[in-house]
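In what follows, a single structure is set out as structure tokens and then discussed.
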């Protein structure tokens, strides 16, 4: 007889109405992990302005997101992810860790470059900061278009050319994608709204990656509304003057 699964509940930041999902890439990351694991779980949005007594008791002063697994409360996104990968394991649940270590780090500096770009109010610095963001996106594009070791046929003398894989580590979503995609989504939405900047079409690997990601329910259905992201960055994005 199969072992009964403990109750799993993810507490995430609520949006501006106090109910729908708010802008938080860490919350979306864990939402995606749980969905990909195929585990039964609940998601509870927490209005940060009015934390309920239940939430305060479970995680007094705790940062969102946090996880309730049975009676255990888990905090810290990285630790929660490690915990879920360890307890929700094969054969019952899929392993989500990337095979290639580079998949975990590729594109990770994009968000820092984006933050510097969007927070800058000095027009004289704008071009250089935009170039920094483009450079980081190009590094990701190069990784996505370069074949992974498992895509290379060592018996063939022909050049393997451009990788056609769907995601960072292959054709399935992994923990690496759960980490990067929510941040890339924010970059797209905020840069378009506050800088009129879009990811260049020349970055075909990045566009293919995002197109494949938006076709997956685990990503598309866990994204907050664009308006929530724009609102979260209203005070952060500095006008150039």
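Every residue gets a Cβ built from N, Cα and C, even glycine.
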Please find, within the list 5-25, 26-46, the residue stretch that Swiss-Prot describes as transmembrane segment.
26-46
Tertiary neighbours of residue 59 (disulfide bond) (same chain, Cβ under 8 Å, six or more apart):
11, 66, 73, 75
When a 10 Å sphere is centred on the Cβ of residue 131 (N6-acetyllysine), how many other Cβ atoms does it contain?
12
For residue 119 (N6-acetyllysine): DSSP state (helix, strand, coil):
helix
Helix, strand and coil counts within the domain 'GST C-terminal' (93-233) (DSSP):
84 helix, 2 strand, 55 coil
Cβ neighbour count within 10 Å of residue 119 (N6-acetyllysine):
12
Where the distance is taken from Cα to Cα, which of the modified residues 13, 119, 121 turns out closest to residue 233 (phosphotyrosine)?
119
